[in-house]
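Here is the structure we will look at, set down as structure tokens.
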Amino acid sequence: MSSPLARPYTPVGPNLSIFDPLFIGLDEFGQPVHLSLIYRNILLGGEPGAGKSSLLNNVVGHAALSDDTDLVLIDGKLVELGLWRECADVFVGPDLDHAIDTLERLQKVMDNRYEYLDSQRRQKIVRDDVMRRILLAIDELAYFSATVGTKIEQDHFSALNRDIAARGRAVGIVDASATQRPSSDIIPTSLRCLFAWRWAGRCVDDSSSDVVLGHGWTNRGYSAARIDPNNQGEGLLLAEDGIPVALKAAHMTNDDIIRVADYAASVRRTRAANATTPNLGAVA
Ligand SMILES: Nc1ncnc2c1ncn2[C@@H]1O[C@H](COP(=O)(O)OP(=O)(O)OP(=O)(O)O)[C@@H](O)[C@H]1O
């Protein structure tokens, strides 16, 4: 089986699919790096300013231009993903109750989809399935799991996110979570292991880098603490079956994002107006 990193071709939007490879940046030789999101989750970690939100915007941008994908965006800072609000089926700002309510509904969608697959004697959705794919993007994870609300609410949020990351992939739900607090309480091993893709931007120390990439990578010579703090967007990208590769993340300026988001929103409005089939996976 070829590596998901090796897929060479991405069509031009708006006919993108979340099944198509996502262009995510350049490797240390200046070569484009693509990755496949479907059936996988992506975790982004690193110190403030490392470039996580910028990279997450690439992920959301690809999904926004993907005709088969709904967006569920949860943004503790409101402004990191806020430019995609018009494209989103659900947009959650710094509101833990709303975030929990949204994840509970997503969990229900996930359960319904499993019942449907079971009734069809199938294990996972495929490209020509009627079920729409869903991107769940969360920035900043720690805001909801450790900062606001009570411990019970935070744990409930974390449990929901973990369940969706664990069971959502086969039913077309991709979880992309970012945090500037890569510590074991925010990203326990049990959560990290659910993310096939992990990108560590500049980290304050080796142990933070290992929290994102996995224990032992620093000892093998891969630590995001060695990244120049002035080199924003530079990081180490790890696929589940590989070794970390240096990646300079693709970067969209604010104006770029506004242009892409406005275009994607208008395509989505047109599609919704012309829709003839019900949306089986709607979370809105
Ligand atoms: N790939 C990139 N190429 C060039 N510049 C970048 C790149 N990524 C980020 N930057 C620059 O770094 C700044 C901070 O990036 P970003 O907001 O993505 O960091 P962050 O890790 O999300 O920080 P925080 O945790 O504080 O939100 C951006 O405003 C941009 O100027």
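Placement of Cβ uses the backbone N, Cα and C atoms for every residue, glycine included.
Just so you know, TrEMBL annotations are computer predictions that nobody has curated.
Positions annotated as domain 'FtsK' by TrEMBL: 30-210. Marked as ATP binding site by TrEMBL: Gly46, Glu47, Pro48, Gly49, Ala50, Gly51, Lys52, Ser53.
The Cβ of Glu47 (ATP binding site) lies under 8 Å from the Cβ of Gln180, Gly201, Arg202, Cys203, Val204, Ser208, Pro229, each on the same chain and at least six residues away in sequence. Apart from Gly46, Glu47, Pro48, Gly49, Ala50, Gly51, Lys52, Ser53, the ATP site neighbourhood in this chain, defined by C-beta within 8 angstroms of the site C-beta centre, holds Gln180, Gly201, Arg202, Gln232. Highlighted here are the binding-site residues (Glu47, Gly49, Ser53) whose C-beta falls below 6 Å from ligand 1: Gly49, Ser53, in sequence order. Across the residues of the domain 'FtsK' (30-210), the predicted structure has a mean pLDDT of 96. Non-local neighbourhood of Pro48 (ATP binding site): Gln180, each in the same chain, at least six residues away, with C-beta under 8 Å from its C-beta.
Most other Cβ atoms within 10 A: among the binding-site residues Gly46, Gly49, that distinction falls to Gly46.
There are 29 other Cβ atoms within 10 Å of the Cβ belonging to Ala50 (ATP binding site). Within the same chain, the residues at least 6 positions away from Gly51 (ATP binding site) whose Cβ sits under 8 Å from its Cβ are Gly201, Arg202, Gln232, Gly233, Glu234, Gly235, Ala249, His251, listed in sequence order.
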